[in-house]
Amino acid sequence: MPKLAVVLLVLLILPLSYFDAAGGQAVQGDRRGNGLARYLQRNGRDNEAECQIDTPGSSWGKCCMTRMCGTMCCSRSVCTCVYHWRRGHGCSCPG
């Protein structure tokens with residue numbers, strides 16, 4: 001089998017959810033539903049974890065341990081999410 005065909009086959013087999021261009025961490029929930037996403041949304045362990053489920057009924061989502069802003073993950077929990085005209089959402093952090 002040519003190298004290109006092998007590479008394409010591997011890329012088709014790997015789930016695209018492993019790759020997150022938005023900067024957040026893609027995580028997999030348990031097989032019984034979105035248990036991990038629900039756990040992270042409970043804001044346990046003194047963090048402000050937020051999860052965005054990609055599609056309803058899916059166990060895949062982007063979870064951020066600070067603050068979600070659109071599809072981005074802000075660097076700190078004190079940051080606020082703002083919308084810039086023509087540039088989209090962005091994080092505004094004090095100091």
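Positions of Cβ are set from backbone N, Cα and C atoms, glycine also.
According to Swiss-Prot, the protein carries these features:
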| type | residues | note |
| --- | --- | --- |
| DISULFID | Cys64-Cys73 | disulfide bond |
| DISULFID | Cys69-Cys81 | disulfide bond |
| DISULFID | Cys74-Cys91 | disulfide bond |
| DISULFID | Cys79-Cys93 | disulfide bond |
| MOD_RES | Glu50 | 4-carboxyglutamate |
| MOD_RES | Pro56 | 4-hydroxyproline |
| SIGNAL | 1-24 | signal peptide |
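Remark: of the disulfide-bonded residues Cys74, Cys91, Cys93, the most isolated position is Cys93 (fewest other Cβ atoms within 10 Å of its Cβ).
Of the listed disulfide-bonded residues, namely Cys73, Cys79, Cys81, the sparsest Cβ surroundings within 10 Å are found at Cys81. Sequence-distant neighbours of Cys69 (disulfide bond) (same chain, 6+ apart, CB under 8 A from its CB) are Cys79, Cys81, His89, Gly90, Cys91. Taking the Cα atom of each, Cys93 (disulfide bond) and Cys64 (disulfide bond) are about 16 angstrom apart. Other Cβ atoms within 10 Å of the Cβ of Cys64 (disulfide bond), summed over all protein chains shown, number 23.
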